């Protein structure tokens, strides 16, 4: 049988894993697909570099167009990252009828619709399982596993770096800056950690999950994003005392036809399955009208887990080639996107205030909540007697974001409220 | 577009859910498949019975052959259960070129290979996602999501009844018989609970998961089965004290080419993700050589969760019909099945002994372990002073089942060992 020839764009961490799996699992891949799979050409930055994997030097090229223009190559696996050049290469590959497997969340979050439209036009497959939550097959789960259901909520711990930092802060009572530095030394955080810690990486992944879950073209700009750089060890301590863990959650919600997508540090009740997802692990919690609660847990990054997803997509492409159905099983959003307003977005909230330590303060504060119809689940005063201010922690019942914003604005004008220390969404 | 006509065998809990989803989600199903889906005929036991769902009486039949013989029906959804009649009907449907979606684990565990072979011969689809772990799409995850990996271990909490009982025993310190009675009153356990509590239901599901995970035809008889009816509240208390929860685990393991499959109450370390799966929830933990640790969590039964999986399979059949590829994406085991011997099956073990309360006993006992090369992780004496015997709990390091059996046999002949109270496999 004629081998399927694969061009690999990038031989970094994930690319190396892809070579290991494709070469190490030849017999299994042949049994599963009916075709031998051969990595025929590999784009690298520097052909002369020493690598911890042996590849035949005549397969290496420093010019991506050698792969794009090579008529023998059936499938291109893109694990080089970046946006503009990747997009140009992907569109050129599709133009030439090559199928694509990519792990590039940035590319798919920003240019997914354009790339998928070109793929549909050319009858090509574009699969991107590895772009979200590394080794967890969440994309095919949303497309195939829940095809019959109507999903109302997706909550994801989809960034391993921030989950590592928050886990360490929680388990060791450590401060954000210290744990970040340690994470950088261990290679769990980049030297410029902005994309992870400010939630941008998670936002790109939620763009993809929101699109799949709600069948509407979610754009990156639709995601409201807040990172973890302002999470304090006090917040985590108070949260724990009340039965919560702080997690950076991507939250995509739907009510009737309206959706909202956000990324934010969230107080997650300890009994919720997401609360015990620790370290660099990822998990995606999916709530469907019919199925109810489900959760998918696994490694969110790393050479071999991510490569597992990439090669599973490659297997799917090859199976489709042998069935002659490429480009015909793609995901096509069919719903109009309608975003929720701040009046429609509702959640419980955790609010920590520093207030004047005198009589009548609590009455004034609770009066503000009442004025905007926000009812309260619990109020705790003086949880920390060592602080010169009185401290009040309020957990609200479900309240609209608009109401909470009005409450907070009013607090700013109240003399007795010295500082709004922190505000978290509450889940679970 | 011509509607796809579905025959539904059974209108019990799951069948009712299937009708609700297919009728309630018409527009979504049409968008997803490109075809209207119509439930054209429904097998019931008694047409005159009152139901909590409205179905047109002229669609009901009490004769399954009305559906099998109806040339207009494209897909048969089997949610009637049972084995012999179901098998006969399924084979007859396939003979007539009808595709099958079934939730019947007993049928697939006992006659899966025969049914799948007939389906391949006739170019028909047979999908059975709902047969294992209700709403969790674990079957497509194993077939598609991990197609590139080599799975070495699958551990499942795949029976909700026993997980409910063990959770209650753990959380409330209650005895097995009391919790079973309560579960029966609540409808979580059958009036004859044997199939659940003795592990037979879980064994059928592990037969299916083992076949999929290891690409070899696992038979029900290959599964070693032990239920929970002998789990005592003392075992659970001691387990908790040492950091374990007792769970009924289905365990399928592979080492090189040899596999073993079992169902047994197991001490699961509290830090393991399976330890916090509580109540009627199910979860399947999958370990792959490349991906590492993953876990899939959700409802294991119930009208709507199970129906979600059934209708997701129906969507897959309809998509395949529109692509003209039915019967060509089925799962075919390609590996020879080789079972591990007792010498090859290894695990940690928890052993609780009642022994004579006198000097030298511990030395005699540990000598027996040493004799069979079983090394010990920890030994606890006298954890319960109220007992007239001395009690010893031993946690072994990994040891072969053969060695542990020899140790236990030798204990039976030792005067100082009054009773081997319990032996559990240990995981996590």
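All positions are counted from 1 along the displayed chain.
In case you wondered, yes, glycine gets a Cβ from its N, Cα and C as well.
According to TrEMBL, the feature active site, proton donor maps to B:205. Annotation source TrEMBL lists NADP(+) binding site at B:9, B:10, B:11, B:12, B:13, B:14, B:15, B:16. Residues annotated as NADPH binding site in TrEMBL: B:105. TrEMBL lists B:190 with the feature L-homoserine binding site. Sequence annotations record features per position, and here TrEMBL assigns domain 'ACT' to B:350-425.
Of all the binding-site residues in the list B:12, B:13, B:14, B:105, B:190, the shortest Cα-Cα distance to residue B:205 (active site, proton donor) is found for B:105. The C-beta environment of residue B:16 (NADP(+) binding site), restricted to residues of the same chain at least 6 apart in sequence and closer than 8 Å, consists of B:51, B:52, B:53, B:303, B:307. For the recorded NADP(+) site, residues B:9, B:10, B:11, B:12, B:13, B:14, B:15, B:16 set the reference point as the centre of their Cβ atoms, and the other residues of that chain within 8 Å of it by Cβ are B:8, B:17, B:18, B:79, B:80.
A gap of 22 Å separates the Cα atoms of residue B:9 (NADP(+) binding site) and the residue listed as 'L-homoserine binding site'. The residue listed as 'NADPH binding site' and residue B:13 (NADP(+) binding site) are 16 Å apart (CA-CA, integer value). Rounded to a whole value, the Cα-Cα separation of the residue listed as 'L-homoserine binding site' and residue B:12 (NADP(+) binding site) is 15 Å.
Classification of the residue listed as 'active site, proton donor' by DSSP places it within a helix. Under DSSP, residue B:12 (NADP(+) binding site) is assigned to coil, being neither helix nor strand in the three-state scheme. Shown are the binding-site residues B:12, B:15; the one with the most C-beta atoms within 10 angstroms of its own C-beta is B:15. Sequence-distant contacts of residue B:14 (NADP(+) binding site), defined by Cβ-Cβ distance under 8 angstroms and a gap of at least six in the same chain, are B:79, B:103, B:130, B:303, B:306, B:307, B:310.
All protein chains considered, the CB of residue B:11 (NADP(+) binding site) has 23 other CB atoms within 10 Å. A C-beta separation below 8 Å, combined with a sequence spacing of at least six in one chain, links residue B:105 (NADPH binding site) to B:128, B:131, B:132, B:201, B:204, B:205, B:208.
DSSP places the residues of the domain 'ACT' (B:350-425) in helix, strand and coil in these numbers: 23 helix, 30 strand, 23 coil. For the residue listed as 'L-homoserine binding site', the count of additional Cβ atoms within 10 Å of its Cβ stands at 14 [all protein chains shown]. DSSP gives residue B:105 (NADPH binding site) a helix state.
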